[in-house]
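*Asks:* Questions regarding the structure given below will be posed in turn.
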Amino acid sequence: MPIQCSKCTEQRAVLKRPKTGQSLCKECFFIVFEEEIHHTIVSAQLFKPGETVAIGASGGKDSTVLAHVMKVLNERYKYGLNLMLLSVDEGITGYRDDSLETVKRNQEQYDLPLKIVSYEELYGWTMDAIVKQALDRGAKLLNVDKICTGHNADDLAETVLMNVLRGDIARLRRCTSISTSSGGEDVLPRCKPLKYAYEKEIVLYAYFKKLDYFSTECIYSPNAYRGHARAFLKDLESVRPSAIMAVLHSGENLSIKESVKMPVQGTCGRCGYISSQALCKACVLLEGLNRGLPKLGIGKHHRLHEKLLSQQPLSNAEERKLKAVDF
Amino acid sequence: LAAAALWDVLGILLGGAELLFDGVKEHHVTLPSQSEPWNMKQLLVWIGQNLLKERPELFVQGDDVRPGILVLINDADWELMGQLDYELQDKDNVVFISTLHGG
Ligand SMILES: [Zn+2]
Ligand SMILES: [Zn+2]
């Protein structure tokens, strides 16, 4: 016996919403999903008319849904935004090629201009210029005012939990903010229109809309620390779906006592750019390219930063982990 | 009633879940006949024994699918259809979509 849509009471329901428990048909789901993102954008005043907004596009589900919804809402509600897709080519053969191919198809499907910034392109610049984040650099080239990214409610709940588990109070305070203002003249403001959208709904939206996206290998091994946190949240969600929103809400409303000492945001030991690690991302990336270890710029390897700073050689085991891999 | 019938089921894996099945997305499956209709719980066991190629812990957890893998039966969320207790019909279409892969 098929369940009817609780909204229009006519069509067959195709999903149970994790946020509300409502049963919705395909069309009602599309409307509700898009309207909630519109509400997020309007109530947090994420954009101003006339702005050029780059959508950080990886070809994955979140950024693909984001690009689609931003395009739809920009037209439906006349945001007056100049939208474009912005992608970073890490220059590594393997899965990245497929994800870039997906982004290229998205460009045609959504009729949005696409700019792919390659590390090579950055590489040709001066040392000083390289030390900025790739997306920011690319966006600067295009006179973009803002970057929006596909972080969803599940991602943010996970980040809250991870910061609690790491005792990282400074990040815990910052991690749930829906937008960041410009962090210096070369860092663009960023925002997250999908902040309150559940991963389940993003995936089902992409599925029912037949959006073209690319899935990478499992990003978290279930036994890694972050993998445990993710699995824990998913387990909680399967018992009580509102757990995701509850964690996010807790993160947003935590206030930190004045007496809590905040770590001072440090600077990169090589170039002086703001960095919470010994070396900034760009310097690590450059170092990786120079040493023929492309993965250095991708994963989290801050334990190696001291070695890199003092120009010490890496051990064989460390090098093996950072070589271009067979995907 | 349908004791002698065979259940033809089309299983589709998406969102990275196919990577645990040799990268194969579409599986046309004919389930062996049994006296009671097949339900999803039994289908999962059967998939684990016959189709799943690697790292079963990324697909099943206990006798359920791993949280974070969405299941659609005939293009509707299985949470609307009794989940593990859903009794399969001939020619049913079951889709598993992983949300646990990069995006
Ligand atoms: Zn409806
Ligand atoms: Zn640096």
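Any Cβ shown, glycine's included, is placed from N, Cα and C.
Curation does not apply to TrEMBL; its annotations are automatic.
Sharing the features that TrEMBL gives for it:
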BINDING   A:GLY56, A:ALA57, A:SER58, A:ASP62, A:VAL88, A:GLY150, A:ASP155  ATP binding site
DOMAIN    A:4-29  domain '2-thiouridine synthetase TtuA-like N-terminal LIM'
DOMAIN    A:53-217  domain 'tRNA(Ile)-lysidine/2-thiocytidine synthase N-terminal'
DOMAIN    A:266-296  domain 'Cytoplasmic tRNA 2-thiolation protein 1 C-terminal'
*Asks:* Under 8 Å Cβ-Cβ to anything in chain B: which of these binding-site residues pass, A:ALA57, A:SER58, A:VAL88, A:ASP155?
*Replies:* A:SER58
*Asks:* Tell me whether A:SER58 (ATP binding site) sits in a helix, a strand or coil according to DSSP.
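*Replies:* For A:SER58 (ATP binding site) - judged by DSSP and reduced to three states - the answer is coil.
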*Asks:* According to DSSP, does A:ASP155 (ATP binding site) fall in a helix, a strand, or coil?
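*Replies:* Looking at the DSSP assignment, A:ASP155 (ATP binding site) belongs to a helix.
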*Asks:* Give the maximum pairwise CA distance in Å, whole number, for the residues A:GLY56, A:ALA57, A:SER58, A:ASP62, A:VAL88, A:GLY150, A:ASP155 listed as binding ATP.
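*Replies:* Between the most distant Cα atoms of the ATP site, 21 Å.
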*Asks:* Averaged over the domain '2-thiouridine synthetase TtuA-like N-terminal LIM' (A:4-29), what pLDDT does the predicted model reach?
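*Replies:* Mean per-residue confidence for the domain '2-thiouridine synthetase TtuA-like N-terminal LIM' (A:4-29): 95 out of 100.
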*Asks:* Count the Cβ atoms, other than its own, that fall within 10 Å of the Cβ of A:GLY150 (ATP binding site), considering every protein chain shown.
*Replies:* 24
*Asks:* Run through the Cβ atoms and count how many others sit within 10 Å of the one on A:SER58 (ATP binding site).
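*Replies:* That number is 23.
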*Asks:* Hey, what's the Cβ neighbour count for A:ASP62 (ATP binding site) at 10 Å?
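*Replies:* By my count, 26.
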*Asks:* At a 10 Å cut-off from the C-beta of A:ALA57 (ATP binding site), count the other C-beta atoms across all protein chains.
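*Replies:* There are 30 of them.
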